[in-house]
Amino acid sequence: MAPKTVWGYFFIDYIPEPLQVSDKQRVVELKGEVARLFEDCNCKDVVERMNLVDVVQRLGIDHHFKEQIDTALKNIQGAEFNSSDLHEVSLRFRLLRQHGLWVPADQFDKFRRQEDGSFSSDIADDPKGLLGLYNAASLLIHGEEVLEEALLFARRHLESIRRGGGLHDSPYLSEQVGRSLKIPLPRTLKRLEAVSYIPEYSSADDTTYIHPEILELARLDFNLLQHVHQNELRTVTQWWKGLCDVIGPDYGRDRIVECYFWAFSMYYEEEHARARMILARLIMLASLLDDTFDDRATLQECRELNKAIERWDESDDISLLPECIQKFFLEVIRNFAEFEDELEAHEKYRVAYARKAYQLLSKSYLQEVEWCHQGYTPSFDDHVSVSTASAGIQVLCVGMLVGMGDAATKEVFEWMIGSNNRVVRACAEVTRFMDDMADFKRGKNKTDVATTVECYMKEQNVTGEVAFDKIGSFVEDAWKTLNQAALVGDRALLPVVQRVAGLAMSMMVFFHGKIDRYTDSEHLKETLEDLFVNHVPLC
(Lines of atoms letter the chains of each structure in order from A and count residues from 1; the text may use other names and numbers.)
(Lines give C-alpha, C1' and ligand atoms only; values in the text may rest on other atoms or scores of the structure.)
Protein backbone atom coordinates (compact mmCIF):
# COMPACT_ATOMS: atom_id res chain seq x y z
CA MET A 1 0.00 0.00 0.00
CA ALA A 2 1.39 3.40 -1.00
CA PRO A 3 1.98 6.00 1.73
CA LYS A 4 -0.83 8.47 2.36
CA THR A 5 -0.78 11.84 0.68
CA VAL A 6 1.25 14.61 2.28
CA TRP A 7 -1.12 17.24 0.87
CA GLY A 8 -4.71 16.15 1.46
CA TYR A 9 -7.04 19.07 0.72
CA PHE A 10 -4.41 21.67 1.61
CA PHE A 11 -5.01 23.87 -1.43
CA ILE A 12 -8.78 24.01 -0.90
CA ASP A 13 -8.27 25.82 2.39
CA TYR A 14 -5.06 27.62 1.47
CA ILE A 15 -5.45 31.38 1.06
CA PRO A 16 -2.74 32.84 -1.21
CA GLU A 17 -1.32 36.26 -0.53
CA PRO A 18 -3.50 38.81 -2.34
CA LEU A 19 -2.18 40.18 -5.60
CA GLN A 20 -1.44 43.85 -5.90
CA VAL A 21 -2.71 45.58 -9.03
CA SER A 22 0.48 47.61 -8.94
CA ASP A 23 2.52 44.40 -9.26
CA LYS A 24 0.84 43.53 -12.56
CA GLN A 25 1.35 47.06 -13.82
CA ARG A 26 4.98 46.94 -12.78
CA VAL A 27 5.48 43.66 -14.68
CA VAL A 28 4.24 45.34 -17.86
CA GLU A 29 6.70 48.19 -17.34
CA LEU A 30 9.59 45.85 -16.61
CA LYS A 31 8.88 43.71 -19.66
CA GLY A 32 9.29 46.83 -21.75
CA GLU A 33 12.58 47.66 -20.04
CA VAL A 34 13.97 44.15 -20.54
CA ALA A 35 12.85 44.16 -24.18
CA ARG A 36 14.92 47.32 -24.62
CA LEU A 37 17.91 45.53 -23.11
CA PHE A 38 17.63 42.99 -25.91
CA GLU A 39 17.50 45.79 -28.47
CA ASP A 40 20.57 47.44 -26.98
CA CYS A 41 22.37 44.10 -26.84
CA ASN A 42 22.09 43.65 -30.61
CA CYS A 43 24.81 46.29 -30.93
CA LYS A 44 27.11 44.60 -28.42
CA ASP A 45 29.42 41.61 -28.62
CA VAL A 46 28.33 37.99 -28.75
CA VAL A 47 29.25 37.25 -25.13
CA GLU A 48 26.94 39.98 -23.79
CA ARG A 49 24.09 38.67 -25.92
CA MET A 50 24.69 35.13 -24.71
CA ASN A 51 24.76 36.18 -21.08
CA LEU A 52 21.51 38.11 -21.45
CA VAL A 53 19.72 35.13 -23.00
CA ASP A 54 21.12 32.77 -20.37
CA VAL A 55 20.11 34.97 -17.44
CA VAL A 56 16.58 35.50 -18.76
CA GLN A 57 16.16 31.76 -19.26
CA ARG A 58 17.55 30.73 -15.89
CA LEU A 59 15.42 33.30 -14.08
CA GLY A 60 12.34 31.76 -15.72
CA ILE A 61 11.09 34.82 -17.61
CA ASP A 62 12.04 33.72 -21.13
CA HIS A 63 8.39 33.03 -22.00
CA HIS A 64 7.91 36.81 -22.19
CA PHE A 65 10.73 37.29 -24.71
CA LYS A 66 10.48 34.48 -27.25
CA GLU A 67 10.91 36.71 -30.30
CA GLN A 68 13.81 38.62 -28.78
CA ILE A 69 15.56 35.38 -27.79
CA ASP A 70 15.05 33.85 -31.24
CA THR A 71 16.56 36.94 -32.85
CA ALA A 72 19.47 36.98 -30.42
CA LEU A 73 20.24 33.29 -30.99
CA LYS A 74 20.23 33.65 -34.76
CA ASN A 75 22.67 36.53 -34.39
CA ILE A 76 24.80 34.49 -32.00
CA GLN A 77 24.84 31.55 -34.39
CA GLY A 78 25.81 33.71 -37.35
CA ALA A 79 28.32 36.00 -35.67
CA GLU A 80 32.05 35.43 -35.74
CA PHE A 81 33.13 33.74 -32.52
CA ASN A 82 36.76 32.91 -31.76
CA SER A 83 36.75 32.79 -27.96
CA SER A 84 39.19 30.46 -26.24
CA ASP A 85 37.37 30.79 -22.91
CA LEU A 86 35.86 27.43 -21.92
CA HIS A 87 32.85 28.97 -20.19
CA GLU A 88 32.00 31.16 -23.19
CA VAL A 89 32.42 28.37 -25.75
CA SER A 90 30.30 26.05 -23.60
CA LEU A 91 27.61 28.68 -23.08
CA ARG A 92 27.25 29.31 -26.81
CA PHE A 93 27.08 25.57 -27.50
CA ARG A 94 24.43 25.00 -24.83
CA LEU A 95 22.20 27.93 -25.74
CA LEU A 96 22.12 27.04 -29.43
CA ARG A 97 21.46 23.34 -28.89
CA GLN A 98 18.79 24.02 -26.28
CA HIS A 99 16.89 25.89 -28.98
CA GLY A 100 17.32 23.23 -31.66
CA LEU A 101 20.10 25.09 -33.50
CA TRP A 102 22.94 22.88 -34.68
CA VAL A 103 26.46 23.47 -33.46
CA PRO A 104 29.09 20.73 -33.88
CA ALA A 105 31.00 19.18 -31.01
CA ASP A 106 34.32 20.14 -32.61
CA GLN A 107 33.89 23.52 -30.88
CA PHE A 108 35.68 21.88 -27.97
CA ASP A 109 38.67 20.61 -29.96
CA LYS A 110 40.70 23.66 -28.86
CA PHE A 111 40.56 22.31 -25.30
CA ARG A 112 41.89 18.85 -26.24
CA ARG A 113 45.46 17.61 -26.53
CA GLN A 114 46.69 17.11 -30.09
CA GLU A 115 48.70 14.04 -29.11
CA ASP A 116 45.82 11.80 -27.99
CA GLY A 117 42.61 13.88 -28.19
CA SER A 118 42.07 13.90 -24.43
CA PHE A 119 40.95 17.06 -22.69
CA SER A 120 43.80 19.29 -21.57
CA SER A 121 44.78 19.53 -17.92
CA ASP A 122 44.96 23.30 -18.46
CA ILE A 123 41.19 23.52 -17.91
CA ALA A 124 41.08 21.12 -14.97
CA ASP A 125 41.18 23.90 -12.37
CA ASP A 126 38.56 26.15 -14.00
CA PRO A 127 35.34 25.29 -12.12
CA LYS A 128 33.16 27.80 -13.97
CA GLY A 129 34.41 26.55 -17.33
CA LEU A 130 34.09 22.91 -16.29
CA LEU A 131 30.52 23.50 -15.13
CA GLY A 132 29.72 25.08 -18.48
CA LEU A 133 31.33 22.15 -20.29
CA TYR A 134 29.40 19.62 -18.22
CA ASN A 135 26.05 21.28 -18.89
CA ALA A 136 26.81 21.76 -22.58
CA ALA A 137 27.96 18.17 -23.05
CA SER A 138 24.72 16.85 -21.53
CA LEU A 139 23.07 17.92 -24.82
CA LEU A 140 25.00 15.26 -26.71
CA ILE A 141 23.41 13.08 -29.37
CA HIS A 142 24.18 9.54 -30.51
CA GLY A 143 27.73 9.07 -31.80
CA GLU A 144 29.31 12.10 -30.11
CA GLU A 145 32.12 10.36 -28.25
CA VAL A 146 33.93 13.63 -27.62
CA LEU A 147 31.00 14.87 -25.55
CA GLU A 148 30.87 11.56 -23.67
CA GLU A 149 34.50 12.19 -22.76
CA ALA A 150 33.70 15.80 -21.86
CA LEU A 151 31.02 14.70 -19.40
CA LEU A 152 33.37 12.27 -17.66
CA PHE A 153 36.26 14.75 -17.62
CA ALA A 154 34.20 17.66 -16.32
CA ARG A 155 32.41 15.58 -13.71
CA ARG A 156 35.62 14.04 -12.40
CA HIS A 157 37.36 17.39 -11.99
CA LEU A 158 34.32 19.20 -10.58
CA GLU A 159 33.96 16.51 -7.92
CA SER A 160 37.68 16.77 -7.17
CA ILE A 161 37.49 20.58 -6.83
CA ARG A 162 34.50 20.28 -4.48
CA ARG A 163 36.22 17.69 -2.31
CA GLY A 164 39.34 19.82 -2.14
CA GLY A 165 37.44 22.88 -0.96
CA GLY A 166 38.11 24.81 -4.16
CA LEU A 167 34.63 26.32 -4.16
CA HIS A 168 34.54 27.61 -0.56
CA ASP A 169 35.04 31.19 -1.74
CA SER A 170 32.26 30.89 -4.35
CA PRO A 171 29.20 29.56 -2.49
CA TYR A 172 26.76 30.16 -5.33
CA LEU A 173 29.01 28.53 -7.91
CA SER A 174 29.32 25.63 -5.47
CA GLU A 175 25.52 25.38 -5.30
CA GLN A 176 25.26 25.41 -9.10
CA VAL A 177 27.89 22.70 -9.41
CA GLY A 178 26.06 20.57 -6.84
CA ARG A 179 22.74 20.95 -8.67
CA SER A 180 24.20 20.15 -12.06
CA LEU A 181 26.02 17.06 -10.82
CA LYS A 182 22.64 15.79 -9.65
CA ILE A 183 20.67 16.94 -12.69
CA PRO A 184 22.42 18.80 -15.55
CA LEU A 185 21.03 22.25 -16.26
CA PRO A 186 19.52 21.33 -19.67
CA ARG A 187 17.53 18.56 -17.91
CA THR A 188 16.28 20.87 -15.16
CA LEU A 189 12.77 22.31 -15.19
CA LYS A 190 12.85 26.07 -15.73
CA ARG A 191 10.75 26.95 -12.71
CA LEU A 192 12.90 24.84 -10.41
CA GLU A 193 16.06 26.48 -11.71
CA ALA A 194 14.43 29.89 -11.18
CA VAL A 195 13.78 29.07 -7.50
CA SER A 196 17.52 28.56 -6.99
CA TYR A 197 18.89 31.06 -9.47
CA ILE A 198 16.95 34.16 -8.39
CA PRO A 199 18.85 34.50 -5.06
CA GLU A 200 22.11 33.48 -6.75
CA TYR A 201 21.73 36.15 -9.44
CA SER A 202 21.00 38.84 -6.88
CA SER A 203 24.16 37.99 -4.91
CA ALA A 204 26.56 37.10 -7.72
CA ASP A 205 30.23 37.93 -7.20
CA ASP A 206 30.52 39.21 -10.78
CA THR A 207 28.09 42.12 -11.11
CA THR A 208 28.97 42.80 -14.76
CA TYR A 209 25.80 41.21 -16.09
CA ILE A 210 23.41 41.94 -13.23
CA HIS A 211 20.44 44.01 -14.39
CA PRO A 212 18.13 45.17 -11.55
CA GLU A 213 15.13 45.33 -13.89
CA ILE A 214 15.59 41.68 -14.88
CA LEU A 215 15.84 40.59 -11.26
CA GLU A 216 12.76 42.57 -10.23
CA LEU A 217 10.77 41.13 -13.13
CA ALA A 218 11.85 37.59 -12.25
CA ARG A 219 10.70 37.97 -8.65
CA LEU A 220 7.36 39.56 -9.49
CA ASP A 221 6.65 37.21 -12.37
CA PHE A 222 7.39 34.13 -10.29
CA ASN A 223 4.95 35.20 -7.59
CA LEU A 224 2.22 36.26 -10.02
CA LEU A 225 2.44 32.96 -11.88
CA GLN A 226 2.53 31.07 -8.59
CA HIS A 227 -0.77 32.73 -7.70
CA VAL A 228 -2.27 31.34 -10.92
CA HIS A 229 -0.96 27.88 -10.07
CA GLN A 230 -2.33 28.08 -6.51
CA ASN A 231 -5.82 28.87 -7.79
CA GLU A 232 -5.59 25.99 -10.25
CA LEU A 233 -4.49 23.66 -7.46
CA ARG A 234 -7.52 24.71 -5.44
CA THR A 235 -9.81 23.92 -8.37
CA VAL A 236 -8.21 20.60 -9.25
CA THR A 237 -8.16 19.53 -5.58
CA GLN A 238 -11.89 20.31 -5.36
CA TRP A 239 -12.40 18.15 -8.45
CA TRP A 240 -10.43 15.36 -6.78
CA LYS A 241 -12.48 15.65 -3.60
CA GLY A 242 -15.66 15.32 -5.65
CA LEU A 243 -14.28 12.25 -7.41
CA CYS A 244 -13.36 10.68 -4.07
CA ASP A 245 -16.91 11.28 -2.85
CA VAL A 246 -18.07 8.99 -5.68
CA ILE A 247 -15.43 6.25 -5.84
CA GLY A 248 -14.31 6.37 -2.21
CA PRO A 249 -11.39 8.18 -0.56
CA ASP A 250 -9.23 5.04 -0.41
CA TYR A 251 -9.83 3.80 -3.96
CA GLY A 252 -6.32 4.69 -5.14
CA ARG A 253 -3.31 6.83 -4.40
CA ASP A 254 -4.12 10.44 -3.58
CA ARG A 255 -1.56 12.20 -5.75
CA ILE A 256 -3.53 15.08 -7.26
CA VAL A 257 -0.86 17.69 -6.42
CA GLU A 258 1.85 15.49 -7.92
CA CYS A 259 -0.30 14.94 -11.03
CA TYR A 260 -0.75 18.69 -11.35
CA PHE A 261 3.03 19.04 -11.11
CA TRP A 262 3.41 16.66 -14.04
CA ALA A 263 1.10 18.83 -16.13
CA PHE A 264 2.91 21.94 -14.89
CA SER A 265 6.23 20.45 -16.00
CA MET A 266 5.02 20.49 -19.60
CA TYR A 267 3.64 24.01 -19.53
CA TYR A 268 3.67 26.45 -16.64
CA GLU A 269 2.79 29.61 -18.58
CA GLU A 270 -0.47 31.39 -17.75
CA GLU A 271 -1.83 31.09 -21.29
CA HIS A 272 -1.84 27.29 -21.00
CA ALA A 273 -4.21 27.17 -18.02
CA ARG A 274 -6.93 25.22 -19.86
CA ALA A 275 -4.46 22.67 -21.17
CA ARG A 276 -2.84 22.26 -17.75
CA MET A 277 -6.14 21.69 -15.97
CA ILE A 278 -7.34 19.08 -18.46
CA LEU A 279 -4.02 17.27 -18.36
CA ALA A 280 -3.79 17.21 -14.55
CA ARG A 281 -7.16 15.47 -14.33
CA LEU A 282 -6.28 13.07 -17.13
CA ILE A 283 -3.05 12.09 -15.38
CA MET A 284 -4.96 11.45 -12.16
CA LEU A 285 -7.40 9.20 -14.04
CA ALA A 286 -4.44 7.31 -15.51
CA SER A 287 -2.92 6.92 -12.04
CA LEU A 288 -6.21 5.52 -10.73
CA LEU A 289 -6.37 3.09 -13.65
CA ASP A 290 -2.91 1.86 -12.66
CA ASP A 291 -4.08 1.42 -9.06
CA THR A 292 -7.17 -0.44 -10.23
CA PHE A 293 -5.17 -3.02 -12.16
CA ASP A 294 -2.54 -3.31 -9.43
CA ASP A 295 -4.59 -3.36 -6.25
CA ARG A 296 -8.34 -3.32 -6.83
CA ALA A 297 -9.21 -5.90 -9.44
CA THR A 298 -8.79 -9.65 -9.77
CA LEU A 299 -7.40 -11.00 -13.02
CA GLN A 300 -10.88 -11.60 -14.42
CA GLU A 301 -12.03 -8.16 -13.31
CA CYS A 302 -8.99 -6.64 -15.03
CA ARG A 303 -10.04 -8.37 -18.23
CA GLU A 304 -13.63 -7.15 -17.89
CA LEU A 305 -12.53 -3.60 -17.16
CA ASN A 306 -10.23 -3.58 -20.18
CA LYS A 307 -13.11 -4.77 -22.37
CA ALA A 308 -15.33 -2.00 -21.01
CA ILE A 309 -12.65 0.60 -21.68
CA GLU A 310 -12.24 -0.72 -25.22
CA ARG A 311 -16.00 -0.41 -25.85
CA TRP A 312 -16.22 2.98 -24.06
CA ASP A 313 -19.99 2.93 -23.53
CA GLU A 314 -21.50 4.06 -20.24
CA SER A 315 -24.67 2.06 -21.01
CA ASP A 316 -22.59 -1.12 -21.31
CA ASP A 317 -23.26 -4.01 -18.94
CA ILE A 318 -20.45 -3.84 -16.39
CA SER A 319 -22.28 -5.77 -13.69
CA LEU A 320 -19.45 -8.31 -13.45
CA LEU A 321 -17.24 -5.61 -11.98
CA PRO A 322 -17.30 -4.67 -8.28
CA GLU A 323 -19.36 -1.59 -7.51
CA CYS A 324 -16.32 0.58 -6.76
CA ILE A 325 -14.74 -0.26 -10.14
CA GLN A 326 -18.06 0.34 -11.89
CA LYS A 327 -18.17 3.81 -10.33
CA PHE A 328 -14.60 4.48 -11.38
CA PHE A 329 -15.29 3.43 -14.97
CA LEU A 330 -18.34 5.67 -15.20
CA GLU A 331 -16.35 8.58 -13.75
CA VAL A 332 -13.71 8.09 -16.45
CA ILE A 333 -16.41 8.23 -19.14
CA ARG A 334 -17.98 11.31 -17.54
CA ASN A 335 -14.70 13.18 -17.21
CA PHE A 336 -13.70 12.57 -20.81
CA ALA A 337 -17.09 13.98 -21.81
CA GLU A 338 -16.34 17.02 -19.65
CA PHE A 339 -13.00 17.48 -21.41
CA GLU A 340 -14.92 17.64 -24.68
CA ASP A 341 -17.35 20.19 -23.23
CA GLU A 342 -14.43 22.45 -22.32
CA LEU A 343 -13.20 22.60 -25.92
CA GLU A 344 -14.39 24.68 -28.85
CA ALA A 345 -16.47 22.95 -31.51
CA HIS A 346 -13.52 22.61 -33.91
CA GLU A 347 -11.35 21.12 -31.13
CA LYS A 348 -13.64 18.40 -29.80
CA TYR A 349 -12.10 15.70 -32.01
CA ARG A 350 -9.00 15.88 -29.80
CA VAL A 351 -10.60 13.93 -26.96
CA ALA A 352 -10.88 10.87 -29.21
CA TYR A 353 -7.08 10.76 -29.37
CA ALA A 354 -6.83 10.97 -25.58
CA ARG A 355 -9.39 8.18 -25.31
CA LYS A 356 -7.35 6.01 -27.69
CA ALA A 357 -4.22 6.60 -25.62
CA TYR A 358 -6.12 5.68 -22.44
CA GLN A 359 -7.35 2.47 -24.07
CA LEU A 360 -3.80 1.55 -25.07
CA LEU A 361 -2.67 2.20 -21.51
CA SER A 362 -5.36 -0.14 -20.19
CA LYS A 363 -4.22 -2.83 -22.61
CA SER A 364 -0.61 -2.56 -21.41
CA TYR A 365 -1.69 -2.76 -17.76
CA LEU A 366 -3.66 -5.90 -18.52
CA GLN A 367 -0.65 -7.51 -20.20
CA GLU A 368 1.44 -6.91 -17.08
CA VAL A 369 -1.26 -8.40 -14.86
CA GLU A 370 -1.42 -11.47 -17.11
CA TRP A 371 2.36 -11.91 -16.81
CA CYS A 372 2.15 -11.49 -13.05
CA HIS A 373 -0.50 -14.18 -12.64
CA GLN A 374 1.42 -16.54 -14.91
CA GLY A 375 4.63 -15.97 -12.94
CA TYR A 376 6.18 -15.18 -16.29
CA THR A 377 9.40 -13.22 -16.76
CA PRO A 378 9.37 -11.85 -20.31
CA SER A 379 12.42 -11.23 -22.44
CA PHE A 380 14.04 -7.87 -21.86
CA ASP A 381 12.86 -6.51 -25.22
CA ASP A 382 9.28 -7.71 -24.65
CA HIS A 383 9.28 -6.22 -21.18
CA VAL A 384 10.52 -2.85 -22.44
CA SER A 385 7.91 -2.85 -25.21
CA VAL A 386 5.05 -3.31 -22.74
CA SER A 387 6.44 -1.46 -19.73
CA THR A 388 7.28 1.69 -21.68
CA ALA A 389 3.62 1.68 -22.78
CA SER A 390 2.46 1.14 -19.19
CA ALA A 391 4.62 4.08 -18.06
CA GLY A 392 1.70 6.21 -19.25
CA ILE A 393 3.79 8.65 -21.26
CA GLN A 394 1.68 8.41 -24.40
CA VAL A 395 -1.42 9.38 -22.41
CA LEU A 396 0.44 12.37 -20.98
CA CYS A 397 1.86 13.45 -24.33
CA VAL A 398 -1.43 13.14 -26.20
CA GLY A 399 -3.27 14.66 -23.24
CA MET A 400 -0.85 17.57 -23.29
CA LEU A 401 -2.25 18.59 -26.67
CA VAL A 402 -5.96 18.37 -25.84
CA GLY A 403 -6.32 21.79 -24.25
CA MET A 404 -3.60 23.60 -26.19
CA GLY A 405 -4.22 26.30 -28.76
CA ASP A 406 -3.93 26.23 -32.52
CA ALA A 407 -0.48 24.60 -32.43
CA ALA A 408 -2.21 21.30 -31.57
CA THR A 409 -3.29 20.34 -35.09
CA LYS A 410 -4.68 17.01 -36.20
CA GLU A 411 -1.32 16.27 -37.83
CA VAL A 412 0.43 16.76 -34.50
CA PHE A 413 -2.04 14.41 -32.79
CA GLU A 414 -1.41 11.76 -35.46
CA TRP A 415 2.32 12.17 -34.97
CA MET A 416 2.04 12.00 -31.18
CA ILE A 417 -0.04 8.82 -31.05
CA GLY A 418 1.94 7.05 -33.79
CA SER A 419 3.47 3.74 -32.77
CA ASN A 420 6.89 4.71 -34.16
CA ASN A 421 7.18 8.05 -32.37
CA ARG A 422 10.78 7.99 -31.14
CA VAL A 423 10.33 11.13 -29.02
CA VAL A 424 7.47 9.68 -26.97
CA ARG A 425 9.28 6.36 -26.74
CA ALA A 426 12.48 8.02 -25.49
CA CYS A 427 10.54 9.89 -22.81
CA ALA A 428 8.83 6.63 -21.84
CA GLU A 429 12.22 4.92 -21.59
CA VAL A 430 13.54 7.64 -19.28
CA THR A 431 10.43 7.13 -17.14
CA ARG A 432 10.38 3.34 -17.12
CA PHE A 433 14.07 2.81 -16.55
CA MET A 434 14.36 5.43 -13.79
CA ASP A 435 11.21 4.10 -12.10
CA ASP A 436 12.50 0.52 -12.25
CA MET A 437 15.90 1.53 -10.91
CA ALA A 438 14.17 3.19 -7.96
CA ASP A 439 12.04 0.08 -7.38
CA PHE A 440 15.08 -2.18 -7.60
CA LYS A 441 17.14 -0.03 -5.22
CA ARG A 442 14.49 -0.05 -2.50
CA GLY A 443 14.18 -3.82 -2.86
CA LYS A 444 10.51 -3.94 -3.66
CA ASN A 445 8.23 -3.53 -6.61
CA LYS A 446 4.83 -1.93 -6.61
CA THR A 447 3.47 -5.04 -8.34
CA ASP A 448 4.90 -8.52 -8.61
CA VAL A 449 5.90 -7.96 -12.24
CA ALA A 450 9.66 -8.16 -12.76
CA THR A 451 11.38 -4.85 -13.41
CA THR A 452 13.55 -4.20 -16.45
CA VAL A 453 16.55 -4.52 -14.12
CA GLU A 454 15.49 -8.04 -13.11
CA CYS A 455 14.69 -9.05 -16.69
CA TYR A 456 18.12 -7.90 -17.81
CA MET A 457 19.79 -9.78 -14.94
CA LYS A 458 18.05 -13.01 -15.88
CA GLU A 459 18.50 -12.72 -19.63
CA GLN A 460 22.17 -11.70 -19.51
CA ASN A 461 23.03 -13.73 -16.40
CA VAL A 462 24.64 -10.76 -14.68
CA THR A 463 24.59 -9.30 -11.19
CA GLY A 464 22.14 -6.66 -10.07
CA GLU A 465 24.94 -4.09 -10.00
CA VAL A 466 25.87 -4.76 -13.63
CA ALA A 467 22.23 -4.70 -14.73
CA PHE A 468 21.60 -1.53 -12.75
CA ASP A 469 24.48 0.26 -14.49
CA LYS A 470 23.32 -0.97 -17.88
CA ILE A 471 19.79 0.31 -17.34
CA GLY A 472 21.32 3.63 -16.31
CA SER A 473 23.14 3.76 -19.66
CA PHE A 474 19.80 3.19 -21.41
CA VAL A 475 18.47 6.31 -19.66
CA GLU A 476 21.38 8.27 -21.13
CA ASP A 477 20.70 6.80 -24.58
CA ALA A 478 17.08 7.96 -24.34
CA TRP A 479 18.23 11.48 -23.50
CA LYS A 480 20.47 11.43 -26.57
CA THR A 481 17.41 10.58 -28.65
CA LEU A 482 15.45 13.47 -27.13
CA ASN A 483 18.36 15.84 -27.76
CA GLN A 484 18.67 14.62 -31.33
CA ALA A 485 14.95 15.05 -32.03
CA ALA A 486 15.22 18.73 -31.15
CA LEU A 487 18.15 19.19 -33.52
CA VAL A 488 17.36 17.13 -36.61
CA GLY A 489 13.58 16.72 -36.52
CA ASP A 490 10.83 18.76 -38.14
CA ARG A 491 11.28 22.37 -36.94
CA ALA A 492 7.51 22.78 -36.86
CA LEU A 493 7.38 20.10 -34.15
CA LEU A 494 10.15 21.63 -32.02
CA PRO A 495 7.80 23.36 -29.52
CA VAL A 496 5.99 20.05 -28.94
CA VAL A 497 9.26 18.11 -28.69
CA GLN A 498 10.49 20.60 -26.09
CA ARG A 499 7.36 20.08 -23.99
CA VAL A 500 7.80 16.31 -24.14
CA ALA A 501 11.38 16.92 -22.99
CA GLY A 502 9.89 18.90 -20.10
CA LEU A 503 7.99 15.77 -19.11
CA ALA A 504 11.24 13.79 -19.19
CA MET A 505 12.79 16.49 -16.99
CA SER A 506 10.03 15.98 -14.44
CA MET A 507 11.07 12.33 -14.23
CA MET A 508 14.50 13.52 -13.11
CA VAL A 509 12.71 15.23 -10.22
CA PHE A 510 10.56 12.21 -9.39
CA PHE A 511 13.28 9.57 -9.62
CA HIS A 512 16.77 11.10 -9.26
CA GLY A 513 18.82 9.42 -6.58
CA LYS A 514 16.87 6.24 -7.39
CA ILE A 515 13.96 7.31 -5.13
CA ASP A 516 10.34 6.99 -6.27
CA ARG A 517 8.95 10.35 -5.14
CA TYR A 518 5.55 9.69 -6.68
CA THR A 519 4.93 6.68 -4.46
CA ASP A 520 6.88 8.07 -1.47
CA SER A 521 5.65 11.60 -2.02
CA GLU A 522 6.98 13.05 1.23
CA HIS A 523 10.35 13.20 -0.57
CA LEU A 524 8.83 15.63 -3.09
CA LYS A 525 7.00 17.89 -0.63
CA GLU A 526 9.76 20.47 -0.18
CA THR A 527 10.21 20.85 -3.94
CA LEU A 528 6.49 21.38 -4.48
CA GLU A 529 6.35 23.86 -1.60
CA ASP A 530 9.04 25.91 -3.33
CA LEU A 531 7.01 25.92 -6.53
CA PHE A 532 3.47 26.30 -5.25
CA VAL A 533 3.53 27.69 -1.69
CA ASN A 534 6.64 29.71 -0.89
CA HIS A 535 6.77 33.22 -2.33
CA VAL A 536 10.01 34.60 -3.70
CA PRO A 537 11.06 37.58 -1.53
CA LEU A 538 10.82 40.83 -3.47
CA CYS A 539 14.00 42.26 -1.98
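Glycine too: its Cβ is placed from the backbone N, Cα and C atoms.
Note that the structure is a prediction, hence the values are computed from the model and not measured.
Summarising the annotation, Swiss-Prot assigns motif 'DDXXD motif' to 290-294. According to Swiss-Prot, the substrate binding site annotation covers Asp290, Asp294, Arg432, on the basis of similarity to another entry. The feature Mg(2+) 1 binding site is assigned by Swiss-Prot to Asp290, Asp294, with similarity to another entry given as support. According to Swiss-Prot, the feature Mg(2+) 2 binding site maps to Asp290, Asp294.
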(request) Report, as numbers and ranges, which residues of the same chain sit near the motif 'DDXXD motif' (290-294): CB under 8 Å and 6 or more residues beyond its ends. (result) 251-253, 302, 305, 325, 328, 362, 365-366, 368-369, 390, 392, 446-447
(message) Treating G and I as helix alongside H, and B as strand alongside E, what does DSSP give for the motif 'DDXXD motif' (290-294) in helix, strand and coil?
(response) 5 helix, 0 strand, 0 coil
(request) Would you mind checking how many other C-beta atoms are within 10 angstroms of the C-beta on Asp290 (substrate binding site)? (result) 21
(message) Taking only the residues the record lists as binding substrate, namely Asp290, Asp294, Arg432, what is the largest Cα to Cα distance between any two of them, in Å to the nearest whole number?
(response) 16
(request) Please report the DSSP secondary structure of Arg432 (substrate binding site), reduced to three states. (result) helix
(request) Would you count the other C-beta atoms found within 10 angstroms of the C-beta of Asp294 (substrate binding site) for me? (result) 20
